């Protein structure tokens, strides 16, 4: 593909820098650019139509655009977000920080005022009025892996290459500021004939060999092992290696909420979702009492994980992060996930394993038969929906009750899951759904994109549904309407506080208000309604945009959350409804009140 | 009011810190708190209902909440924004930066994890996963006047007082981070009996005397003077002083776009709006050729203003900023706007003025008679709307064509105007409209709140209309529908670029979709439609929320913008439609191409 790239694209000998950048993205399979137009990014936008297959999503606002880029990247391993200086980049920064926290590859292109204006400290619009042109770049650098502001026309194409490579290999956001006078710098199109250097930071061979040897010998000895698949397995694309490891060892394998979708949940060795202290008892039984746990693609930094409650009771724990590893108390820095895993697979001799495959926990929930006129509850819905998912689906869940509920469902093989469990920015899922829908269409295999979002969360980012309509994307949206911020009602023990209420919308009017002509809207309130829905073969088709309003009681939630509520109630010394242990400087006893601690951080990564 | 405050409110001897803070806000007339609930701000939200008259707006997202707080503060001189740690505060940061750039008093309360968790670097949700709990505070400090993170229960009430005082007196945002374990610290309610110290930074008496003497003697000598009223006249509340200065001197007075509303536009000495190089010719004639210009409440920093194009040709220019002043080339630091103005008024002896009042430019535009079936155009609309405004109105215009159009209208006395001319964050006006509507209702004099927002800008922040409906606020919304980002089409000379298009919405369905029951929607397309609207006495009442869709041609704009387009066309060396001079590093000649430079920064403060 590369050798004759410029010729095959019919490029002139020199092309503008922004066009060069777009071709680089195209070479990595990127075909959609996210963002909002602004004065300083016009030179970039102008070039989009000059690059084959490339299109401009034209989001409704910058934060939504950042969420969309994040969702797109979780499918395609890279995305590009374009904002303008100051107002644009700051509107997006929360989304970019989320990509940083959750290891998502993102190139954030920021169109900046021309260097001459910056140096003269002209009082342009979108500045703070104090002549400081560096402030936004400084802010961006705290939530990105690498930053560059282009100033030199000689080296700018190299810097662009470096930015894209880092975003892709590190799976983190990179900030690229481009003053408008640099955007159109002419660069040689022949540079595109040489592929980008995407060889990941390889790690030190010796370290990886050492680590692999140590892990393999721990594996040989153990009798009750477990493998746990975490977020970076998908992000750093070691899905195949992990699956091979399971085949070779036959160890029971579990996923974390952020690792969901990376492992085939119908594999005979799959044991369920491990969500720390709120895991199903049969999962805790295996994981907590195993004598060796290997966490692959761990996203957690290691500090304090033992004193907090992503604690594996097993003393033999190997944690494989994206850039380093830990075995018991030994650190292995300078180690790369894929290379280390491959070294491990090379060294592993299955005949030396002491472990003899034992029964893994049963995942399938008992089917509860309910009368058709019974009102819906989340526990039942999340069990039922498992039967409706199909291979290839992309399932997106909002931070809130949906992110808990989905852990209760069982995915068909090759189902991908998008959730923002660590950063947990409410409203993220709607933007991510747009991005994933673009990515799914570009894959060309008609994957369904299925969104579960609460009525509270939807209000933050609702307008991005307009962009889905504009591009005739066809997600299936389940609007879980429980009349407000139910997760907060539960976690903060205030069922009736006015600040958990929201304005009631006529939700099924959203699609036509945003200009949809060909769409499907439904409302389901009872068991009978829901069964009718999932048994309707027409509904299962992703042939148009669909929205189903699932009406649920305000204080209903998936079992994991409801159980936690009950546990907390028993530990509640004050006897009042409000047991958030963080509220009083006098009452706080973090160490002695583990359940309160757990409750307050219930939507953090570790559960 | 203060001496018996605690007793009159029936407070116990000790109250939680967050309640203390809310009482302090109440003492300054604040009755609405803006923000979005989140785990770490629950202790604050719980206290709102314990403070008389205080209410929680419950915005739909944090950026909208920041815009709303900004709009509220522009009417009430202070507002409080509440967000949660990480995700919440970063979502709001663009709005806070806007308040910083434009001198708007704002207390940003950030609910933080308990100190114990921070010190142990627990991996809580809403963190970047790297244990850095200081990163968001660091980001916030770049766009605020002052920051504090409370840690000491002994001094926390004093720190709260300090934060509020600075936000109020400096008219800038202040960041106040409060860990959940500090929120409920009990403090003495008797502290509330002592008023907050709100004496503004007084400035040095000697400096102010010196400055006043110098300005007064310049005033005595001049023959063609002008006073220009800029943004900080409203923000730092020196409206009365400025009006007195005009009465005493009888100098012609103009306002900048950001100063609009601070001066009575029906005063015989009012000469119109000064918008730099795109001012009406009769305004430029006075200002550019005057021999003394006094700019009061200047928001511009002074550096480079002369080399850029907020240039007054008069060599005798006095600029009075909020915290310092400049006369010709002399700087006067340590000077406070109100005190300095009062010193000036004390010293001024009108009998010594050489100036004899001359004719000031005529503001009223000739009435153009058009047939009823003529399609609407902005020039005609903005002239007509002047007749419909009435005393007490609060007029809010979006960055875009509306912000230019409003300068063409003539306000009745005591009309207040909200626009974000320097920061220019698109979508701001919808949030600001919510905040101003709360403020207007709290004033109790039934001021109408009138919003002009484009169809493109509306899409960024549309859901905040839901909050207006929820609280039965009754703004009158003019949706200027010109099918996309017209201002960008004009400024960047690409009338047909796809990236200026937006998804067409069924705009008049927005109110019912967001749950409005009692509302009024209309669409106007022709001169006849519009005249019918503004001559309908029922429409003029703010008795329910109203939305008028004003259908305009995509390439139509107020005259100031259209003229600029034509000027630029004449100077266009390339002959193409695209003349943005910033696009090529080779073509940029900032100094030699003033008209191109002006065009590219046309929506900056200085025009």
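Every residue gets a Cβ built from N, Cα and C, even glycine.
All annotation found in TrEMBL is predicted automatically rather than curated by experts.
Summarising the annotation, TrEMBL assigns domain 'Thiamine pyrophosphate enzyme N-terminal TPP-binding' to B:18-119. If you look up TrEMBL, you'll see B:213-348 marked as domain 'Thiamine pyrophosphate enzyme central'. Look at TrEMBL and you will find B:400-517 tagged as domain 'Thiamine pyrophosphate enzyme TPP-binding'. What TrEMBL records for B:455, B:482, B:484 is Mg(2+) binding site.
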With every protein chain in view, how many other Cβ atoms are within 10 Å of the Cβ of residue B:482 (Mg(2+) binding site)?
22
For the recorded Mg(2+) site, enumerate neighbouring residues of the same chain (Cβ within 8 Å of the Cβ centroid of B:455, B:482, B:484, site residues themselves excluded), in sequence order.
B:454, B:456, B:480, B:481, B:483, B:485, B:486, B:502, B:552, B:554
Averaged pLDDT score, the domain 'Thiamine pyrophosphate enzyme central' (B:213-348):
85
Can you count helix, strand and coil residues in the domain 'Thiamine pyrophosphate enzyme central' (B:213-348) using DSSP?
49 helix, 28 strand, 59 coil
Using DSSP, what's the helix, strand and coil tally for the domain 'Thiamine pyrophosphate enzyme TPP-binding' (B:400-517)?
54 helix, 15 strand, 49 coil
Let me check the 10 A CB neighbour count of residue B:484 (Mg(2+) binding site). How many other CB atoms are there?
22
Within the domain 'Thiamine pyrophosphate enzyme N-terminal TPP-binding' (B:18-119), how many residues are helix, strand or coil going by DSSP?
55 helix, 18 strand, 29 coil
